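Straight from Swiss-Prot, the features:
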- GLY632, PRO633, ASN634, MET635, ALA636, GLY637, LYS638, SER639: ATP binding site (BINDING)
- 824-849: region 'Disordered' (REGION)
- 837-849: compositional bias 'Polar residues' (COMPBIAS)
Amino acid sequence: MTVKKETPMMEQYLSIKKRYPDTILFYRMGDFYEMFLDDALKAAPVLEIALTSRNKTQEDPIPMCGVPHRAADVYIAKLIESGLKVAVCEQMEDPRSAQGIVKREVVRVITPGMILNEDLLDKKSNNFLAALCICQGAAGLACMDISTGMFRTTQTVAVNGKVPLSLVDEALRIDAKELLLPASFKGDPTYSQLIKAFETIQISYVGNENFKLDSARERLKEKFRTRSLEGFGCEDLTAGTAAAGAILSYVQETQLRETDHVLTLERYELNTYLIIDDRSCRNLELLKNIQTSDKKGSLISVLDCTITAMGGRLLKAWIRYPLISMDGIEARLDAVAEAKENPGIRNSLRTHLKDVYDLERLGSKISMGHANPRDLTALKISLYKLPLLFKDLNQLSASLLQGHGIEDREKVSTELFELADLINQTIREDAPLALNEGGIICDGYSPELDEILEIARNGRSWIAKTGAKEKEKTGLSSLKIKFNKVFGYFIEVSKIQSQQVPDHYIRKQTLVNAERFITDELKEVESKVLNAQERRSSLEYALFCKVRESIVQRTPSIFKIAQFLAEVDVVLALATTAEENNYTRPALNKDQVLDIEDGRHPVVEKMVVGERYIPNSIRLDNTSDQVQIITGPNMAGKSTVLRQVALISLMAQMGSFVPAARADLCIIDRIFTRVGALDNLSLGQSTFMVEMEETANIVNNAKENSLVILDEIGRGTSTFDGMSIAWAVAEYLHDLDGKGVKTLFATHYHELTRLEKLKPRVKNFNIAVKEFNDNIIFLRRLVPGGTNKSYGIQVARLAGVPDAVITKAKQILASIEQSPDQVVTQDKKQVKKQTKNNHSARSGSRQQQMDLFAGHDYDEIIKVLDQTDISTMTPIDALNLIHELKQKIRSKAMI
């Protein structure tokens, strides 16, 4: 939309808008942020506010809408949630003193990945901006949470010039809110599948020059004031460095100020953590319930009793990034064990942590210049708790609880306590949120401010005192101090005494009965009185900035303490959860044995109502019990058993105690899951396609130290196709690289139980069921051996299927079991008649089949069939044989 005739204000607006074309421009006008033209048309329906216009009487009036500046955050949040970006344009001078149009500038751009306001953020989740690129044969991923200062990067080998699946999974694992991609990716068919994988993330395309390696390195070195990136372990990093440089460029463009709170760039490797891809995270319900997408019903809902926001974020990271280092895991378990064994100290620490605010986000806001007086007060309260926290921690010995990452803990504690004292001496407890209203600085801190405050509070009495002093000094009984809007404050003396005024009095006005004068001293007093509020606000802001700068200088120490307290918080939370839920410390082994005695599903056991949770034992190893085929009816609990094994392994490697009587566990490097049945119809993917994609991912990437959880693969296609696929996958995982992989395979294909006799490391188990009077009771107990019954009709009855349907199902089942080819109808006479017809049809069919073979030499085929021992064949072997015979028949029929 264009404007035919531009006013000076609209010229300014359009000039600024031109620099930020992909944003909604919040243009400050007095007490409102206004939006014009296309921005107004986009924003009004999202914000649910009235759309109006400027110059309504003219042709083509300009669409506009506005929101109060005090409520801007609420409206900005709505725009961000709808996928829009917001450029905040402020008035840079007082409109009262401006000559011409008020000077305005964009002070920051808010995007989904660039949010500092805690009201717009999930307190216990990071808010990552990520960047992905390909450079010199490598694929790199970097991410930054500007609200906490976290900045990380990694890279891996590109596959045929493309981003590998492992890096796509990593971008999903960090749950980025915004992803930067090179502009050249947009519209390029090569990257269409990659972009499709990130449909839940807002993608921002930026110029390819932002990803250039050389400029990225220079940008990072300048940012961290270093000569090289060697100290960050990034000197040999190509794509990872390019991605990090692109993020830094984007941050500088949107925030328009330095990010001093981003103190380091951390390089990490994907293979140093237990990998759980995004699908497995969903299937295991680590962070969200798969049905409701809520936190309730997930693993984190059970484990998260952290006190602080930063502790909550770290716990989430521990769940998504379990360790594979035995030493690292044991260090966490040692800390949890000690905290669990000392409930008095643990409870005292947790009580003190209730007064600790989000130090990471407070530090970031202060460093970025977005903090208000109440943020400083929150920091003060938090820092005052350090001595009490350290006093309790000194009674414990676990290395994780001693803050060894802080070089001199006592010195840092003392420095930060002194910083808290400074805040206490300067910032009022009842200070307002706004920085321009005064009322921020404590009385007694600044003599100059105290004088201004005295004048502001008692201006009239101060003027009266000045008048009394002048009257006494001059001896003029008629002397008075008065005020009007023309002259301000002035001295008035009667006509008779006007000849006796001191020489330094300056005549200002002559009246019939009096003369009016001013003095330099009076004008100075007047200036102080009339400008007291403005001077007060200005001085208080300057003093506030000085205190803020003192805090910024201590930002590294604040962040170290924040990270340490977050770790303490997580340890205390895991200890509390372990005690409340009767968890036990897992033992770790190097023997590739996964042995769980009386294991429980941590979430399901909390949700069971009206019945006792039945624990189950599982043992997996690489010698005899590597692949377990688990059969049993629906609703019996197969899926729960499968998931609990994966969750117990994950919990142990994140450093948590586990829900089991005993757990002796090997280190798992990756967990794969194929569980659940959520169709992705919106992408045109059926249940079967989703299953096959997940299965393909597993068979292509599983290794010796992985754990594979398979639940009902092969559905959504014909029975024999599904069974064949399930069988082949089970065999493949058993034979993988000649070593196999630990696998739990729940299935309704009872034919798979034959694998136990064919493969040395396959074992059969089933979920026990008790039958009585044509009903079943689920015992929920995993027992050795297979089963050949699915109890589908009984489960249907439990689900509330009408009796008429159940009765009919039994008839059909009996008929099928007796004669699979028989067609069952409503009428028994029809059944007999149909059966007779079927026999006749089969006889005719056999004759036709004999005629088909007539005239051709099929002796070879008949000989193969005669010599084949069907009882020793697997379904895969049988299908292969049938395929070969069909090819031979076709070739002979064409002769």
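Heads up, the Cβ atoms here are built off N, Cα and C, so glycines get one too.
Features as recorded by Swiss-Prot, highlighted on the structure.
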residue : record           : Cβ neighbours (10 Å)
GLY632  : ATP binding site : 27
PRO633  : ATP binding site : 22
ASN634  : ATP binding site : 18
MET635  : ATP binding site : 17
ALA636  : ATP binding site : 26
GLY637  : ATP binding site : 24
LYS638  : ATP binding site : 25
SER639  : ATP binding site : 20
Residues other than GLY632, PRO633, ASN634, MET635, ALA636, GLY637, LYS638, SER639 within 8 Å, Cβ to Cβ centroid, of the ATP site? ALA746, ILE767, PHE778
For ALA636 (ATP binding site), just give me the three-state DSSP call. coil
